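Structure, as structure tokens:
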Amino acid sequence: MSDYRNDVEELEAKSATAARLFDIRRIIGGLFVVYGIIVTIAGITASDADLKKAQDININLWTGLGMLALGLFFLIWLKLRPTAPPTTPTEQ
Amino acid sequence: MRYLAEGLRLPTNGLDYTILAIYFVVVLGIGFAARASVKTSLDFFLSGRSLPAWVTGLAFVAANLGATEILGMAANGAQYGVYTVHWYWIGAIPAMVFLGLVMMPFYYGSKVRSVPEFLLHRFGPSSHLLSSVIFAVSSVLIAGVNLYAMAIVLEALLGWPEWVAIVVAGFFVLAYITIGGLSSAIYNEVLQFFVILAALIPLTIVGLKRVGGWSGLTDSLTGSHGGAFLSAWEGTGVGSPNPLGANWLTIVLGLGFVMSFGYWTTNFAEVQRALSAKNLSAAKRTPLIAAFPKIFIPMVVIVPGLIALVMEPTLGKAGSGLQYNDAIPVLMRDLLPNGVLGIAVTGLLAAFMAGMAANVSSFNTVFTNDIWGAYLRKDREDAYYLKTGRVVTAVGVLIGMGTAFIASSFSNIMNYLQTLFSFFNVPLFVVFIIGMFWKRTTPAAGFWGLLSGTVAAMVNYFWLYKGGIVDIPSDQGANFVSSIVAFVVGALVMVVVSYVTRPKPAEKLAGLVYGTRSPDMDELPAEGDDAWYRRPALLGWGAIILAAICYVPFSF
């Protein structure tokens, strides 16, 4: 009927994103594991001044562990449910 | 434009800067890694319409969760109190659900590549060109204003000179979007979403402990500001004074209906995220998935604003040296030790860059497809438009950087321009909603509705309100009223013009108007899309009910 729809369909067929784009879960997982380790270490070695500033909560330790857990969650999710192969659009 | 106070310098050290440096490396890495996936212009502008719903949904909420939004909403919390929740629960959720459930089939199903392009097919070139040009100009301008806001914050917090912040952030945004296109912008937004939460949640927890928990917080604020400060609706009767300068009617109609529907359903920087989803079901779920985090964001944005007010009771008062906008930076300075502090600085910077990237990535799409490709250089091969998109991205960022430098000397002009452009969303929404549901409305009606609604809002705001002819207690209140005026005038003009001009033939409207369908609307659902928890209606109504429940503790 209209050209623009055909254009978009043609481009969709040639598009490489679905096949070639990496999975963001790998990046989120990796970054949060690294951040988690750094911040957890800062929490283990926290000075008294650090603890006092954060109202006697070892906030570095808890945040670090939380970030580590989130990072691992994304990596495990990726492991259990790898990127699905792109569904081939039905040509009409 | 408000400045952050002096004396907010954060005690950052090498550990914090390491965390920040890692983030910059990852941002660039995402850009380079996404380059392999950009083969066509559709990959560059819309990620080849192939992303999963959870990615586009988080990008949808993150594109709005810029740093100006975070600092601004914490400031509103400190200034207006719990009234600020209206911007979330009534001012966002219903509009997001409406976009997902009602409008998305037309947007995604008609295979348009941008919001203005929908106007081209539904109405015609005049309204298309008008809205494309206004959108392009305003996105570049807002990108520049964002960049400038970031420069001020970084100068206060880290001591970076303004031009360093503008050049560094501008360069990173330019690099990762030019290389990786929308995929790279969206991936960075998803990452930013998690980093900013990793910063705001610890901040809120430590802050709450400092002021004696939620009960300690409410007790001190009830004592200093009265009970209405902690209620969402108290004192919003028509004619009764309250800090917001608005009553329940203008809140529900102006903010909740007209303004928020205008913003969330027609702002291409948001809608673009949904258009990049892999199928219609994922596109519909994009704003619905975004709605759930949006409901809970007040807990880590408005609550810190209230905490800051207890810790620094002079916040926002003349002579204290602290503005409302300083709420979150004050808490970062006083409560976060090195380590988490680095995460917080990274989150703030990431939010600034992502906000700007959202503007830039929507600007390049509209400029290339809707202005350059539609009117200036038609019918070239796809590789030409891909290259144009990259050049336009670079030019857009450079103009944004220029705007940021101009804003640093003329910040009042920028404020006016931003208000001016904000008046454009509401008439756009009128034109969309009438165009989608009324077959009879005509191309001429689209153009004149758009123009008259915008002019009416400006007349109301600048002449009647600023000129003192109508008495509205605050700028916020005046914004709400102007939106309602724009809506009513735009709608009336459209109806009248429709009856005196010729409509488009019905066969040209397939898939663009309610009751018609695109030739190929029945997409095969991807495997798993029929799971009960993925049903759009369930997600949408679930979000509305949840937002309504959230009001309960603050309403009585």
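Placement of Cβ uses the backbone N, Cα and C atoms for every residue, glycine included.
Per TrEMBL, transmembrane segment is recorded for B:20-38 (among others).
The transmembrane segment feature in TrEMBL is assigned to B:50-75 (among others).
Among the features that TrEMBL reports, transmembrane segment is placed at B:129-151 (among others).
Residues or ranges marked as transmembrane segment in TrEMBL: B:163-183 (among others). Residues 24, 27-28, 30-35, 37-38, 43-47, 51, 147-148, 150-151, 154-155, 272, 276, 349, 352-353, 356-357, 360-361, 364-365, 389-390, 393-394, 397-398, 400-401, 404-405 of the same chain lie 6 or more positions beyond the ends of the transmembrane segment (B:163-183) yet place their CB under 8 Å from a CB of it.
Sequence-distant contacts of the transmembrane segment (B:190-208), counting only residues of its own chain at least 6 positions beyond either end whose CB sits under 8 Å from a CB of the stretch, comprise 23, 26-27, 30, 55, 58-59, 61-62, 65, 70, 214, 217, 293, 299-301, 303-304, 307-308, 311, 328, 331-332, 335-336, 340, 343-344, 346-348, 350-351, 353-354. Annotated transmembrane segment per TrEMBL: B:190-208 (among others), in sequence order.
What TrEMBL lists as transmembrane segment is B:287-311 (among others).
Per TrEMBL, the feature transmembrane segment maps to B:340-367 (among others).
Here TrEMBL flags B:388-410 (among others) as transmembrane segment.
Marked as transmembrane segment by TrEMBL: B:416-438 (among others).
Among the features that TrEMBL reports, transmembrane segment is placed at B:445-465 (among others). Sequence-distant contacts of the transmembrane segment (B:445-465) (same chain, six or more residues past either end, CB-CB distance under 8 Å): 119, 122-124, 126-127, 130-131, 419-420, 423-424, 426-428, 430-431, 434-435, 472, 478-479, 481-483, 485-487, 489-491, 493-495, 497-498, 501.
Remote same-chain partners of the transmembrane segment (B:477-500), defined as residues 6 or more beyond its termini with a Cβ less than 8 Å from a stretch Cβ, comprise 244-246, 250-251, 253-255, 258-259, 262, 419, 422-423, 426-427, 429-431, 434, 438, 440-442, 444-446, 448-450, 452-454, 456-458, 460-461, 465, 470. Here TrEMBL flags B:477-500 (among others) as transmembrane segment.
Sequence-distant contacts of the transmembrane segment (B:537-554), counting only residues of its own chain at least 6 positions beyond either end whose CB sits under 8 Å from a CB of the stretch, comprise 82, 85, 88-90, 93-94, 96-97, 100-101, 230-233, 285, 288-289, 291-292, 295. Taken from TrEMBL, the feature transmembrane segment applies to B:537-554 (among others).
Highest Cβ contact count with the transmembrane segment (B:287-311) among the listed stretches B:20-38, B:50-75, B:129-151, B:340-367, B:388-410 falls to B:50-75 (criterion: pairs under 8 Å). Beyond its flanks by at least six residues, the transmembrane segment (B:50-75) meets 84, 87, 146, 149-150, 153, 183, 185-187, 189-190, 192-193, 196, 200, 269-270, 273-274, 276-278, 281-283, 285-290, 293-294, 297-298, 301-302, 304-305, 308, 316, 323-325, 327-329, 348-349, 351-352, 354-356, 358, 534 of its own chain at Cβ-Cβ distances under 8 Å.
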